[in-house]
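Taken from TrEMBL, the feature coiled coil covers 142-169. Marked as domain 'GOLD' by TrEMBL: 31-128. Look at TrEMBL and you will find 1-21 tagged as signal peptide. Among the features that TrEMBL reports, transmembrane segment is placed at 184-206.
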Amino acid sequence: MKLFGISTVLCTLPLLSAVNALHFYFESNEKKCFLEELPSDTIVEGHYKAYLWNEGANEWKMDDEMGIHVSVEELSSGHTVVNTRGPPDGRFTFTSHEPGDHNICLHSNITGGWLSTQHIKLYLDINVGSSKADVQGDLSHVSTLSSKLRDLNSKVEDIQREQRYLREVEATFRDASEATNSRAIWWSLAQIFVLVGAGVWQMRYLKIYFEDKKLR
């Protein structure tokens with residue numbers, strides 16, 4: 001069993017992906033964090049299941065008294081978009097307000113003792129982008145073709161959000177490049193003016209010097 005340190009970034013999930021399932025192990029006094037790069041106005045849904053290791057039964061069991069705390073922070077603005085505690089089998093949903101990296105952290109309310117901690121196994125599913133409609137619960141009973149068209153429209157919206165985010169990143173990089181080029185041009189012009197001024201001053205000084213020598 002491989003254990004990671006507190007607040008270790010485990011992985012970076014794909015931007016526009018289907019539901020990605022993973023599981024990991026950690027101690028009851030640890031916190032696990034994920035770094036997720038998102039465009040603005042993107043819906044993210046997460047579903048987790050946490051199990052405690054039962055030494056007596058030698059198996060993983062779900063404890064209803066255990067709670068899982070979920071927090072999500074936008075690193076660019078420092079704004080916390082999610083700060084909630086749920087059951088060992090729970091869900092969380094949030095919408096990104098600013099483009100960039102989002103820090104998703106989970107930890108349990110079980111702290112253990114000074115000399116011992118409890119082992120936790122956590123399954124996590126994260127869905128980035130608009131959530132898929134529940135066809136079975138749809139009272140309108142749309143046709144299969146309509147459902148596929150709706151899914152395609154949802155994917156197009158996700159792609160458009162990603163493109164807007166890439167344009168924002170490109171605009172920021174372009175502004176930085178233009179500012180750097182502008183400073184380089186002004187620095188070159190300043191050097192030229194200094195050299196020209198120094199040349200003019202030397203010519204005038206030499207002219208006065210030679211004229212003074214002739215008079216003597």
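Cβ atoms are placed via backbone N, Cα and C, with glycine included.
For the domain 'GOLD' (31-128), residue counts in helix, strand and coil come to 0 helix, 63 strand, 35 coil, using DSSP. Note on the domain 'GOLD' (31-128): mean pLDDT across this stretch is 87.
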